[in-house]
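*Asks:* What TrEMBL records for 53-313 is domain 'Protein kinase'. Feature annotation from TrEMBL assigns ATP binding site to Lys84, Arg181. According to TrEMBL, the feature active site, proton acceptor maps to Asp177. Sequence annotations record features per position, and here TrEMBL assigns Mg(2+) binding site to Asn182, Asp195.
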Amino acid sequence: RRRRSRPRHSTEDVYFSKSDQLKPLKTYVDPHTYEDPNQAMLKFTTEIPPSSITRQKVIGAGEFGEVYKGTLKRGRKEVPVAIKTLKVGYTEKQRVDFLSEATIMGQFCHHNIIRLEGVVSKYKPFMIITEYMENGALDKFLREKEGEFGVIQLVGMLRGIAAGMKYLANMNYVHRDLAARNILVNSNLVCKVSDFGLSRVLEDDPDATYTTSGGKIPIRWTAPEAISYRKFTSASDVWSYGIVMWEVMSYGERPYWELSNHEVMKAINEGFRLPAPLDCPSAIYQLMMQCWQQERSRRPKFADIVSILDKLVRAPDSLKALADFDPR
């Protein structure tokens, strides 16, 4: 008995379960904190031989190159996958940023977070292989299916996204770019958070209000304190989540319509908030408004949001009362 209770000597052991599967770490590790990003990648991703991957057709273009639908041979099975590639002529920084997205994704394991299958980093083109999501990005999907879902289905989508975000917040990971365009939908309408590619380190450049090293800050989705003084936290992700709620309930309308980014910032700081979408349950609009509290400490946590949505789904009558619609 005493032998069994001896302490583990290897710090590595704690990351593995009996089946040698990587368990999610309690806290997310930023790959940029490694002197050699390749070490981080080796730790958190699986290298896939290029011979087991078949690219079939281009389904989109990412920041770094084309995205394909394809298959991954796994034993005797072929599973559908999405394949992100790094285009030729990349810089060393682009290579590190491209592969760091996989290093981040490889640390997560949740039903509502896009699953990393592995990477090709020893051969060119470099690739990131993820599960394939048949219905693509949520914003486009909703625009194509306008009016086709019941309220419970829409709220179910919101609950899934909130559950994924609760998991990320528990791992101390701040997304910074939560928007319907970065949520993917599978054939069972399960919504999964994706796009871990926006560089998390803000550079000290004069345009920093608008730019991170990964591109422009998405003003319409971003909390005022994150725009004004770069305070990105799980609470600023909650603000963005409120905008995602609005996108879902409006079937993919553009937040703040034709207002310019500058006009959006001015309106928010003057206290303007998006009005309720048509046929939006009052309880859902109230939750959106909570997410948009100017004072970030007053916004709900993702754990609160998940339990509120669970209660609403379990008592569908609570979704019958509709918020006032303001047809601007």
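Quick reminder: no glycine exception, Cβ is built from N, Cα and C everywhere.
Just so you know, TrEMBL annotations are computer predictions that nobody has curated.
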*Asks:* On average, what pLDDT score does this prediction assign to the domain 'Protein kinase' (53-313)?
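*Replies:* Computed over the domain 'Protein kinase' (53-313), the mean pLDDT is 93 on the 0 to 100 scale.
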*Asks:* Taking 10 A as the limit, how many CB atoms besides its own sit near the CB of Asn182 (Mg(2+) binding site)?
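*Replies:* Other Cβ atoms found within 10 Å: 23.
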*Asks:* Between the Cα atoms of Asp177 (active site, proton acceptor) and Asp195 (Mg(2+) binding site), what distance do you get, rounded to the nearest Å?
*Replies:* 8
*Asks:* For Arg181 (ATP binding site) and Asp195 (Mg(2+) binding site), determine the Cα separation and express it in whole Å.
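*Replies:* Their Cα atoms are separated by 9 Å.
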*Asks:* Compute the C-alpha separation of Asp195 (Mg(2+) binding site) from Lys84 (ATP binding site), stating it in Å without decimals.
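*Replies:* Per the Cα atoms, Asp195 (Mg(2+) binding site) and Lys84 (ATP binding site) stand 11 Å apart.
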*Asks:* Most Cβ neighbours within 10 Å: which of the binding-site residues Lys84, Arg181 is it?
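*Replies:* Most Cβ neighbours within 10 Å: Lys84.
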*Asks:* Using DSSP with the three-state reduction, classify Lys84 (ATP binding site) as helix, strand or coil.
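*Replies:* Where Lys84 (ATP binding site) sits, the three-state DSSP reduction gives strand.
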*Asks:* Could you state the CA-to-CA distance between Asn182 (Mg(2+) binding site) and Lys84 (ATP binding site) to the nearest Å?
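*Replies:* The Cα atom of Asn182 (Mg(2+) binding site) is 15 Å away from the Cα atom of Lys84 (ATP binding site).
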